[in-house]
Amino acid sequence: MGQEKHTDAASQSRDPEAVAAHENDQLRQRNHALAKALTRATEELRKAKAQLEQFMAPPLTMATMVRVHRCSTDEHGVRHASAEILNGNRRQIVPLSPTVNPAQLGSGQGVLLDANMVIVDSCETPTTGPMRAVSESLADGRLIVSDVGGNRGVVMRASAVARTPINVDDRVVIDPSGTYVLSVLPQEQAQDLLLEETPDVSFTDIGGLDEQIARIRDAVQLPFQHRDLFDRFDLKAPKGVLLYGPPGNGKTLIAKAIAHELAAGSGNDGVFLSVKGPELLNKFVGESERLIRRIFERAKELSGAGRPVIVFIDEMDSLLRTRGTGVSSDVETTIVPQFLTELDGVESLDDVMVIGASNRIDMIDPAVLRPGRLDVKIHVTRPDETAAMAITRHYLTDALPLEPGRDADALAASLVRDLFRRDESRLLATLDEQGRRRGIYMADIVSGAMLRNIVDRAKTKAVKAEILHGSVSRDDEPQGITEARIHEAIDDEYEQNRSTINETDPGQWLRINALTLAADGV
């Protein structure tokens with residue numbers, strides 16, 4: 001029985017139709033596999049051909065569009081167009097490809113040229129290139145620009161900036177050929193340099209400068225608060241005040257206080273516009289002058305309705321140096337006249353006062369200092385012992401944690417006595433120049449800033465002692481600000497200043513600190 005079934009299966013397997021069907025299935029599968037392989041090979045061939053075409057494509061040259069030279073259509077309906085371009089420094093007229101629409105090409109725009117010098121495409125207008133400052137805008141839309149060296153040239157507007165407002169002193173980017181303005185750069189605003197605030201410092205917060213405060217009150221406060229009397233006596237208020245003297249003695253505080261007092265007297269919030277001279281210096285021609293103009297424009301905007309505005313220029317000697325000295329790159333030859341022009345215009349602004357501060361009045365241009373400009377000059381000197389006592393008491397008060405049994409007056413007096421000693425323990429250096437010798441003591445360089453720093457040092461020592469030992473009183477470690485800690489603070493200040501003198505040029509150090517070599521002996 002089993003043998004018969006085996007025989008039937010063998011006979012079926014040898015059936016020609018079944019064998020043919022099986023072979024057809026196998027051939028069909030092979031055919032599908034070959035078709036897929038052929039498709040993949042064809043796709044890879046297309047990719048390789050595309051890459052090869054890309055690699056073999058000729059380079060395209062970038063140029064700058066000037067204008068469409070000609071565009072017409074012949075009797076067969078074929079368009080013929082050409083354009084004027086700038087290729088480097090050469091002007092050329094080249095044909096346009098039929099795929100390029102002439103109406104979409106604007107002056108200053110980038111175009112692409114093939115090997116046959118045919119415009120085949122357009123590209124984005126570049127936004128990088130040489131930077132220039134606008135000196136003048138002509139009636140026909142052209143611009144006169146200048147570079148860093150002051151060299152001037154005439155340029156046209158690219159179509160991208162044809163309707164963009166461009167003013168004098170704006171900074172623009174031009175194309176490499178120097179023909180078109182491609183873009184306008186954002187301006188550095190004077191507000192970025194100005195510290196605009198309403199001061200809360202009054203004259204009562206300033207110690208040791210009674211004479212200087214009285215003079216600036218007479219020069220500034222009286223004209224603002226008694227205008228009718230000044231008009232009656234045909235007396236004009238000063239345009240400006242110069243505070244000069246060694247650093248750290250309250251020049252900025254005085255300027256803030258006068259702004260506060262003027263505001264209190266007028267009933268309006270006064271504005272204190274503060275800027276440091278070096279911040280206005282800029283290597284680009286005309287930029288410093290533009291910033292000066294913008295500062296005075298801002299003062300004019302803020303003034304009005306009796307609102308007093310103080311324009312305070314610190315380190316004025318760095319901005320308004322004497323012209324022709326050769327000390328710098330002579331940028332002051334244009335900055336000083338611009339400042340004087342703005343200062344002369346202050347007379348039309350009843351509520352604006354210019355106050356300058358400088359450590360080196362000898363470096364400021366004489367035209368700035370003459371009567372009618374910075375009329376009032378106030379020398380802010382170093383404090384003597386009486387003034388030092390008044391200043392110290394502003395920072396060392398009875399409200400602070402003090403040594404038991406001592407009050408602020410006693411500690412301040414001890415500080416001043418130690419600081420003004422003229423013995424070896426407070427001798428900073430002995431300077432010798434051409435046979436002239438002078439001993440420099442701490443008393444010679446004392447300033448309001450130094451006094452505050454000494455008090456802050458003593459406070460820091462007291463805080464560290466509290467942290468280290470806790471709030472529990474110890475007989476060997478008195479709590480609070482003690483006389484011993486004040487003397488330690490003076491010693492620290494002494495060591496710091498002595499090392500500073502030894503590491504700097506003595507002559508320059510003397511000039512900065514407003515000192516001279518008096519003949520103390522040879």
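A Cβ is built for glycine as well, from the same backbone N, Cα and C atoms used for every other residue.
The stretch that Swiss-Prot tags with coiled coil, taken from the ranges 20-57, 210-247, 324-361, 400-437, is 20-57. Between the listed ranges 1-26, 469-494, Swiss-Prot ties the annotation region 'Disordered' to 1-26.
A 10 Å cutoff on Cβ-Cβ distances gives Asn249 (ATP binding site) a total of 27 other Cβ atoms nearby, all chains included. According to DSSP, Leu253 (ATP binding site) sits within a helical segment. In this structure, Gly248 (ATP binding site) belongs to neither helix nor strand by DSSP; it is coil. With respect to Cβ neighbours within 10 Å, the binding-site residues Thr252, Leu253 differ, and Thr252 shows the lowest count.
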